[in-house]
Structures are given as C-alpha cells and as structure tokens.
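K.L.:
Taken from TrEMBL, the feature transmembrane segment covers A:6-27, A:97-116, A:143-164, A:348-373, A:393-420, A:441-460, A:480-501, A:541-570, A:590-613, A:620-639. Summarising the annotation, TrEMBL assigns domain 'CSC1/OSCA1-like N-terminal transmembrane' to A:6-165. Among the features that TrEMBL reports, domain 'CSC1/OSCA1-like cytosolic' is placed at A:187-335. The compositional bias 'Basic and acidic residues' feature in TrEMBL is assigned to A:717-729.
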Protein chains: 2
Amino acid sequence: MNVSGLLTSAGINIAICTVLFLLYSVLRKQPGNVRVYFGQRLAQRKSKGDGPSLIERLVPSASWIIKAWQTTEEELFAVGGLDAAVFSRVVIFSIRILSIAAIICIFLVLPINYFGHSMHHTEIGLESLKVFTIGNVGHRSRWLWVHCLALYIISLCACALLYMENKHLTNMRLAYISGSPQNLGRFTVLVRAIPWSGKSYSDSVTKLFTDYYASSYLSHQILYVPGRKLVNDAEKMYHTLNVPRMSKHCGSSMVRCGLCGVNEKSIRNPSEKSTFAEDIHDFADDFKKKECPAALVFFRTRYAALVAAQTLEHVNPMLWVTEMAPEPEDVLWANICVPYRLLWVRKLGIFIASIAFLIFFLLPVSFVQGLVHLEKLEKKYSYLKKLSGKRNFIFDMVTGYLPSAMLTLFLFCVPPIMIISSAVEGPVARSLRKRSACLKVLYFIIWNVFFANILSGSVFERFDKISSLKDIPAQLANGVPSMAVFFMTYILTSGWTSLALELMQPFALLLHWLDKGLFKGKNVLSCESQTFPYHTELPRALLFGLLGFTSAVTAPLMLPFLLIYFFMAYLIYRNQFINVYVTKYDTGGLYWPIAHSATIFSLMLMQVILLGVFGLKKSAVASGFTIPLIVCTFLFHLYCRQRFLPVFKRKFAQVIMEMDKQDELSGKLEEYHDQLQSGAYCQFKTTSKTSSTSGNMEDCENGKLDSPLVAQVKQSDSGDHDRLQDPDGSKPGLFNAPLIFTSELPQL
Amino acid sequence: MNVSGLLTSAGINIAICTVLFLLYSVLRKQPGNVRVYFGQRLAQRKSKGDGPSLIERLVPSASWIIKAWQTTEEELFAVGGLDAAVFSRVVIFSIRILSIAAIICIFLVLPINYFGHSMHHTEIGLESLKVFTIGNVGHRSRWLWVHCLALYIISLCACALLYMENKHLTNMRLAYISGSPQNLGRFTVLVRAIPWSGKSYSDSVTKLFTDYYASSYLSHQILYVPGRKLVNDAEKMYHTLNVPRMSKHCGSSMVRCGLCGVNEKSIRNPSEKSTFAEDIHDFADDFKKKECPAALVFFRTRYAALVAAQTLEHVNPMLWVTEMAPEPEDVLWANICVPYRLLWVRKLGIFIASIAFLIFFLLPVSFVQGLVHLEKLEKKYSYLKKLSGKRNFIFDMVTGYLPSAMLTLFLFCVPPIMIISSAVEGPVARSLRKRSACLKVLYFIIWNVFFANILSGSVFERFDKISSLKDIPAQLANGVPSMAVFFMTYILTSGWTSLALELMQPFALLLHWLDKGLFKGKNVLSCESQTFPYHTELPRALLFGLLGFTSAVTAPLMLPFLLIYFFMAYLIYRNQFINVYVTKYDTGGLYWPIAHSATIFSLMLMQVILLGVFGLKKSAVASGFTIPLIVCTFLFHLYCRQRFLPVFKRKFAQVIMEMDKQDELSGKLEEYHDQLQSGAYCQFKTTSKTSSTSGNMEDCENGKLDSPLVAQVKQSDSGDHDRLQDPDGSKPGLFNAPLIFTSELPQL
C-alpha cells in the first residue's frame, strides 16, 4: 500500500466520523432521544425541564465537547465510580506518553528514516509508506544511536509516568475504600460448600459462626437454587401469603423483597398459633429442599467480615469456603449456587475453549492479511490479476480500507462471546465477570490483531513458513515496520470510526425509534440504561497503547493518528460517562492492574522488537544498550507489583478498622446492621409486569420512571447484562403484588 | 555399553556397599563412636549403660536392620517430626508403585521388548542392553498396546496411591498442628519494615498494636542488628551488669538469655532509683541506634496472631509487613534484619545466579557423557583409539563405572552451594532455608542429571545439533531407552553406594577420630548432632522416582535396581532418624507438596515420553490412547492442589480456635504467655567457651553434655548450619557468665 491507499482510507473514515459527530450534536438535542443519550442523567434526575428552541435543536453545535472538557476528575469519580476514573487515567497516560514519543520521534527519528539510503525516493504521493519506517535505514548505519536514544527517553518517561499514575490511583483507591462506608458488601461474607448437617444448611451456618465468631456474627441469609421449580413454589407461597389473615403475622421484610427476607424463625414461631402457621411450616419444609449449600453471613464489623473471609474455616479446604461478598447490586445471582467443587473445572474448560477460539480466529485474520497483500498474491497467482486490472480507487479501497474494516467487524462478535464464557466460569459478581471478560478480550485482540497480523503478514510477504520459535523475534522486527501501514488504517477504522459510533449510539437509537414506532414507547426493544462496556473499550485503548509503543521508534508516522484517537477518546468517553452510562456496580479500580501490566508488556515488547531490529541492522552498540533497558523495565515492573499491587488485591486492616470505629461512634453501624438484616441482599426480586416481554436486549433495564412505586421497583431491579444468565430476573409479574402491601402494611 | 560393562559397575558398587555395611555393623558397637552413630539417642538420653561384650563388638551383625524394620511410623513421627514421616512416606510410596510397575513390566513388557524383531540376538553376556528396551520393538508393532496398557495401569495405580498418601499426610499434618500446643511460634508474628516514628521502632510497634489489637496484643520484642559493633556494646553491657548491686534490680529474664530478655520498661523504670539505673538508661539509648525495623509481636491467642499475620496492616504494603514467626529454635537470626524492600531483589538475584549455575554445570555433564559414548567418539576421532586398544576391563570401567561416579562426585558440591544461596535469599527460618535449598537441588538434578544427560547423550549418539524446540520430545523418546544403561550405573553409584556411605558416615567418623587423636576428645573438629539433610536426600529419592517412572515401560530392567535402592533406603533412613539425626526444627510437612508435584511431573513426563515413542514407532492407536491419560493426570493434579495443598499452605481457624479454647480452660495459655515474655525468642545466645574454635564444620553443635548446667546451654543453643551466615552465633564466651547467675538468682 502506498500513500494514496492510506489517504483513501483516511478520507472514508474522516467523512464517516464527521457525519456521525454532526448527527450526534443534532440528535442529542431532540427530547425524544433523551433516553438514549442521557441515561445517566435520567437515573440521577438531573435532566432539565426546558429544552433548547426548535432552531437551536436543528443546528449542529460543539457544546458537548466543551462540557466534556470542563468535567473534572472528581465529577467523573462521583458519577462513574473508581473504574471510570481508572479508564480516564489510562487515556490520559496514553496521551502524555504518546505526545512525548511523537515529539521525539517525528523530529528526530522520522528524518533519519526518510533519508536512510536503502530506497530511491519518488513523488510523495506514490511513495511507499515504508520509506518512513526504520526499514529504510541501512545496515550498520551510524544513525541507529538516535533510535536507541529515542527508545531510552520513551522508556524512562513511560516508567516515570506509570509510577505517578500508580501512586495517584493507589491513593484514589484508598480514598474510595474509606469514602464508601455505606457499602454493605464489606460486612458480608459469602460462604460456599456448606456441608449438609442432617437438618438444614442454615443450622450448620448458625452453629459454626456462633461457635467461632460469637462476638461478631450478626445473622445470615441462606441462598436458594434459582430455577423454574422454585418459581412455582414461590407462586404457591405468594398465594398462601395472600390470605387476608396472614397480614398480621408476616413481617415487613418478607414483603419488601420477595423471598429473601423470609426469616425462618419468624415463620416457625409465629406470635399466635393458627392453622396458617402450619401451612407455612409445611411450605418451609418443602422449600428447604431447594436451599443451596451457600449463604451470605453478615458480621457486626467490617474487620470481622474481612478476617472471616481470609481464614480457612474447615480442615477440608473444599468445605466452608469463604470470600468477601460482592455489593448487593453487584451479585450475579445465577452463579451464586454453582457448586464450589465445580468451579475449577469450569475455569479450566473455559480456558481451553478460549484458546481454541483464539486459534480458530486466525482464519479471518489470514483472510484480512490476504487482502492487504493482494499485490504480492497477484504475482504468485496470476488469476487474481483481473481483480485489479489497473491501480485505481477500487484497488486502493480493497487494500486500504476493506481489510481493517473487516477485521473490526469480525472483532465485534468477540466481546459478547467473552462475556458469556466469563459468566460460565462462575464469578459471583457482575463486576468480576466484566473484568474477566476484559482480560480475555485483551489477550484475544493483542494476539489476534497484533501478533497474528504481523506474523501472517510476514508469511504472505515472503511466502515461507515460520520454521521455528527462534525466528519469531526476527519476524516481529521485520513485521512491525512493514505492517505499520495496515495498523494506521486499523486505527482509522477501529479507533476513529468506532469512537464516533460510540458517541452516536446508532444501535440503541434505532431500537428506541422502533420501540416508539411499533410498540408506542413501551420500551419493548430498547433499554433504558447501560453500564460502561469496559470489556470492549479498555482492551481497545490498551491495544492502541501497544501499537503506539511498538511503532514509536520503528514507524513514527503512526503516532499522530493515535494521538488524535486518544484526544477524541478523552472527550467522548467523558461525555458518555456523564450523560449515557449508569454505574450500578464497580470493581473498585481493579482494571488498573490490567492496564499497568499491559503497558509494561507493551514497553518491553517495544524494546525487544528494537533489539531485533538492531540485530537485523547489525548494530552491536545499539543492541548492547537495549538489553540493560529491558532488564531495568522488568525490575521496575517487579517493584511496582510489590509496592502497588497489594492495594488492589487485598484489604487493609488499618483503613477498615478506622471506618468501623467511626461508624460505631456515630451509631451508623446499627443502621447498617438493620439494612443487612432487612434484606439488602435480595435474591428473588420484584419485577413489574411491563418487563414481561423484554428478553431480547441483553443490556437492558425494565420499567419506567413514571410513578414513585415503579421507581422503587427499578431501584431493586438492576438486571443489566444478566438476562442471558439469570433467567429468573426476567420472570414476569411474580412478586409485584407484595409491593402493594408495602403501602398497606408499613410495619410488622 | 553391554551387559559386561553393567556387571563391572554392579560388581564394584556391590563390593563397596558390602564392605561399608559390615564395617558399620562393627563400628556402631564401639563405645567410642557413640557420638557419631547415636547422636539422636544421646540427645534424648536413651543410650544404655551396658554395651555389648568384646567378641560381640567385633562380629558383624544385622541387628540394626531388625530394629529399623520394627520401628513404627508413630515412633518415627515422635523422634523425627512430621518431616521425617513425610520422607518415610515418599520412600514407601516409591516402593509400592515401583513394585507394581516392576511386576507388570518385567512379566509383560520385557519379553515383548526382548523378542521385538529389530535386532539380532547374540550371547547374553555380550548382548547390548538395548535389546531390553522399547527401542527393540519394531515400527507399527501390533504389541505396542501392551506398553500402552502397562502405562495405563501404572498411571492409575500411581494416582490412587498418591491420593491415599495425600489423605494420610493431610491427616498427619492436622494431627501435628493440634498435637503441638507448646509451639510458641503460633502466638508470634514477625513484623518487618516498621516505619521510623521519630522516637524508636519499639514505640511505633506498641502504638500500632495497642491501637488495633488492644484485646489480643500481649507484648513485643524488638530485634537488633547482628554484627561486630553490637557485640562490643553487648560486652560493655555485660560488664555493667556484672556490678554486684545490679543483682537486685535485674530480672531473671535478662539473665536467662543475654540481651533478648531486656524489657525496656524494666530498665527504664527500676523499682528503686539509683545511679545504676542511669547507667543502664544511657546504655539503652545507645543501644536503640542498632535496633532494626523488625519486631516479634506476641499475642494472647494463636487465632489473634494468625489474623494479624494474614492482614495487611498499612496502606503502603511495603511497610508493616506481617507474617507468622518461626519457632524460637527455627529462627535464622542472621536474616531477621534483612530489609524487607531488598528481599525481592535478593530473590531475583539468586534466581538468575541459579540459572547461570545450571547452565555452567552442563560442562561436567557433557564430559561425563563423552566418556559414556567413548565408543562412538572413537569412530569420529581416530586419535582416541589408542586409549582403548582392545575391549578389556579398563574399557568397561571407563564407560561403565567412571561416568556415573564422576557425576556423583560433581553433584556433591551442589547442596552446600544451594544452602548458601537459599540463605542469601533471606528466609527467616532455618527449616524454610533447607526447604528452599531442597527445591533448588531438585530442579538442579532433574535438569542436570536427567534432561542434560539424555539430550547431550543423544547429541553424542547422532552427532547433530538439536535444531529446534520441537525436536525435544522426539529426542527424549529416543534418549530415555538408549540412556537406560547409564542410569542403571548411576543408580548403583549414586543410590546404593551413597546409601552405604550415609549409613557409615565416614566423614563424621574420621573427624571424630582426628578429634580424639589430636585434640584429646575436645570436639574441635567433629560435631555432636546433625539435622537430617533433606535437601540432599529428598531430591535424590525423587530423582530415582522420576527414573523409575520414565523407565518403567521403556526400559523395565532398571526397576529391580531402583527397588533395591528404595528397600535399602527404607531401612537405612529409619535407622538414621532413630539413631543419628537430631530434630531441632521442622517445616511441619512442607516437603510433601514438593514430593507430590515432583511425582505428578514424573508421571506426566513418562506419559509424554511414551507418547513420543509411540509416535516414533508410528502407532496411532497407542498415541491416541495416551493423550486422554495425560489430560486426566493433569486434572487429578489440579484436584489435589485444590483439595490438599491449602492444608499445607494455610492455617485453619477451626483447629487453632479449638486449641486456644482448650488452653484457656486448662490455664496453659498463661504459661505460654509467661514463656513468651520471659524471652523464649533469644536473639543473642549464651555460648560456652569450648565452641571458640569450631568454625570449620558447618553442621555442628558445640559444648558437651557433661553437667546439667552445660546441658542448659545446649538447649538454648541450636546453631546447626548457621555458622556460615550467623557470625554472632559462634562469637565465643560472650554470655557464659550470666548463666552462673541463674543458679544464684533463681527469681527476681
């Protein structure tokens, strides 16, 4: 591909982006689209009453850019949680380091590459883009020390910036922990693999925790097997409860949240004896059969919960497995009853399946690379020649725009598959499922977009097989500069245009319009609020970081494209966090260790590739200087792991104890205890009838914010992403009746 | 090498073994050698008064074998601790599985190998030993299913036996934990990287632990930098203390163990004011400067200590690092003040150095393999021909006996090097240092004895380089059967003869005699009691297990040699545990996870090698059946890791709490508190003057068991193996005087 091919691709993408931006700035002002573009504001009731005038509405404007720019980190943290702050820091870090790299490489390295003596220069428009890469520098060139110097400066700056980010985010994480005393998950331990004692799991739990944690044990909540049968039983129970006389005996907790507030004692020992009590007793016996050997155990203090979660309770480590419970709205109820002994089998199965998927995906990648190297394939297979009779716009598009667009399309199917496979692994928290998917997608795209493209590209280039593992560094050193052009078009397509699509939300908009047109705004197809798709956006940002590092010295022309991407990302993601996405759960910054490791990997890969290039160019001095740099970078990584990683992996006694003390003094601890005991963790939720048919959108939220009553339903129903795994979440109209009780029976 | 070469080697080794056994059975009866052969009994005061008569003394006998045979596992556990029991179980497991393998392979596999049709059979004496290996079976042989069947039976039996051993040892470990309530280390947490608060480290510790662990914190003991300067200060202090009037003020704790009992408060607030108190005060201020930022913190209950050790105390994970402290006699005082922030650098350095050593050791291995393949080298380099003019006894010895003897000699230097490098890594317990060395030696000999010999052997065999990583499985499949003969001679030399030497203890005996002759029995050169060298013996047993597994199906003739080795090991090691070695510290069975992993590795290596062999023999069916076996073995390993490993890695709330409860009821808890506060952990020990010159033996213990007073010295002085790292331990005659106080001043 030459400069004109690149320009074709750039032209197409810039045109698409511009149109999408303009459309967005108009569409967002239409009152009918509020649900699509201001989900977050709706959830926070920030939406203003007065909209812009009709003329204003139809004129494209850049006001959203200004607003996004003015948003401070504190606002972002308040709205999107620590995860949003981490994501924003990743983008800012990338902008900083790529700016430094761009300045150094474009003014120092690029001229040396261009005036290297290996190639003959033609007119700039027809010039092959390879003249701008390190491939154009001659063997044993005395100018390679400039590349080595640039490598040193970039590496040192990256390490320094990374250290600063680590420090900043560590402090933010500590502030996050101490700043969220209302998190009930910190009082709660999830106990799994409870042994069957003969009576019930509940009795076993009570016995163990009153025996060993007498002073700090508060109460517990047994978990139930989700499934159809239970739902039928629950319906039966509902009818039983619906008998008028029960209204005196049954506590508000039961009413408030379906089954989970059912305190066994209150059922077994009603204040006055009656036939109803016997009915209930029978039912409770029936119900016990579906108990699963897991429970949420609540403690009086956060520290006691932390200690219980850390300790091995039983001499058989496969029994009484404890871990900190996720926050109530973060729990993935569908996985909570997965037997603990099966977890490792599931993990192993998913690991193997992921590797198989990784390998299978090489097929589309090879096809894409075949298009990129059409020119060379033609020479080999003459029948392809008619396909590109002469070099024209079509040919430029087929080799320039099409491959990266196809790769982007192929990659669209990856995140949903990874979310499903992460759910099968059996995490008990949605945030952890998303994090696990993020990690999988990251491995996937680094392998399939970066390595597979470079290596298969080299294969097409030279038509010989990679004979052994030893060739791979040389192949990379050769491949990265020569594949730079393909990656530039990939940045244009997957970066720029995807960002524009992210802003414009065409899919959500389409569904919203269909809803309006076909179902009269009943929100059958569309969804109200989504959570931020970290598992697609973070890996993409990190991949572009990797591209930036690896191409900085070898093919500096890529840096401006990347910088534009990151600047746009900075503005657009801020806008999306503030306006569109709702934060229902977060990992508490657990994405940062992923980003840190990926950055170090990129940094070291850049150094290894340059070591390979220096080797190919037979520059012993430059190679010699690169090796200590690799060692130092690795040492830096090890140090950071020691210094910062534990903050993200473990909890701190000191912080937790201080919080406990303060809450005890202020009396808030009692309040939290009440919340826990009155059913903050609600396994079977009350869903309103309107949600009955919404099974087709994954990332959806049901119900409308019309009346306070339905709003109450909504607050307890946070079922995004879970429709696929949590069949009970979408079970219609099961416990909508008890909600009406709430107003009728405010207390016991 | 042919059968006669093997017989030469076997003859030499059997002769050596017989002589050594006979010598041992005579020497052990001589009263003068009691110290060498009955160190353990001496330590336990079990030595009988009446020895055998003069004639009995000079007649070789097998009584020790009978005694060793009759020893039960309980006795072994009582004498040698859990580690001895683990070692014994490893030997028993090996005997069991190798017996099964031997029966199957010798009766089923060996005939098929011998009557395979690839070779022409000659007279049995001149027959190459290769006819007994799988190499003799033809390509696409229809008999390969027998090998596959044997592989299945061995694998399944091994997994079943391993499961049983795991279960048995898990129970033993639990019994060990609950059966040793007197272990003071369980009340103690080692705190490192204490930040400097401006006053002293001691104040910081007091503040933190009274703030956060008010109910369970007992007291603490600041650690001091070991070194010359301190020793001078200590001498000064000793002279100060030696003033007669101090006898009234200074507690027994100080007297009992040098400096460690110095309770700062007792010095600062003496019961009556005097000039002496001021002196002490000045000295204490002086002394504080050498405090190191580490302390032993004592808790009221084991559970509180466990919780404190598990929790991250400070928001900076590099400060206030807590871990469970080792037992008092297990502490490696020299490492206790290594700054925590340097630990990872040390570990990394040692890791790199170990790899370098591993690679460097390929030189002697290649030399050894050159000797083994002398026959083939001759053909290549004609000048070697005169070396072996004709095939005679010398040639048999050079190719048969010499290589394995040389390898064994080269390997002698490895364990001491590994002990030193493990000490540099910075473990705070001697048992952990030995365990770390054990792991290093294991990796080392598996790589250098097994892989390096096979791969370099193949290189000599075929005179071509290993061109890529992909060739390695094929090389192994080819190499294991062809190297079987070398390994047989290695078993004879390194196994049989080493065992005989272990029994005979020629080195210790020689030193003891020299002592008697030159120094009139003052124990200048010899040592009194040694601890069992797990770091040399366990890797050897595991290596032989590996050889057994990998050769079982491919070269079954090796199995009888291995079985004899393990039978002898069973008897000899029991004898040594009961009579010779003293158990001063143990890891509590932490050698078992190493043995388990090594066994699984051996099992899977056997399967992979046979997969390679079946591939070479072009037997698709047998290969096809082997793959699921490999997968299942790996799944079994993962299951065992889940089910059993945590018992060895973590502590159990349940067991620990029960112990606490019982001790509280019986009032023993107070007793333990007193022990802890009166200086159970004694950093600067009282050593008697006789030890002044004993710096040349590493594994030594000083002093004599003549009087009760010196016996008391001995008990507090357990300095084996530490002379190298702990210069203060051998500092002569520093605190021998205060011991005399003990009898003068029995109480405060």
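Each Cβ is built from the backbone N, Cα and C atoms, and glycine gets one as well.
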K.L.:
The transmembrane segment (A:6-27): which same-chain residues, six or more beyond its ends, come within Cβ distance under 8 Å?
P.N.:
33, 37, 57-64, 129, 393, 396-397, 400-401, 404, 485, 488-489, 492-493, 496-497, 499-501, 503-504, 509
K.L.:
Looking only at the recorded stretches A:97-116, A:348-373, A:393-420, A:620-639, which one has the largest tally of CB-CB distances under 8 Å to the transmembrane segment (A:541-570)?
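P.N.:
Result: A:97-116.
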K.L.:
Count the Cβ pairs between the transmembrane segment (A:143-164) and the transmembrane segment (A:97-116) that lie under 8 angstroms and are 6 or more residues apart in sequence, then report whether there are at least 3.
P.N.:
yes
K.L.:
For the transmembrane segment (A:441-460), what are the same-chain contacts with Cβ under 8 Å, counting residues 6+ beyond its ends?
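P.N.:
Same-chain residues near the transmembrane segment (A:441-460) but 6 or more away: 354, 357-358, 361-362, 365-366, 368-370, 372-373, 376-377, 407, 411, 414-415, 418, 466, 472, 475-476, 478-480, 482-483, 486-487, 490, 535-536, 538-540, 542-543, 546-547, 550, 594, 598, 601.
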K.L.:
Averaged over the whole of the domain 'CSC1/OSCA1-like cytosolic' (A:187-335), what is the pLDDT?
P.N.:
70
K.L.:
Would you mind listing the long-range same-chain contacts of the transmembrane segment (A:590-613), meaning Cβ under 8 Å and 6+ residues beyond its ends?
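P.N.:
Sequence-distant neighbours of the transmembrane segment (A:590-613): 83, 86-87, 89-90, 93, 134, 147-148, 151, 154-155, 158-159, 162, 165-166, 169, 173, 431, 435, 438-439, 442, 446, 473-474, 476-478, 480-481, 534, 538, 542, 545-546, 548-550, 552-554, 622-623, 626-627, 629-630, 633-634, 636-637, 640, 644-645, 648-649.
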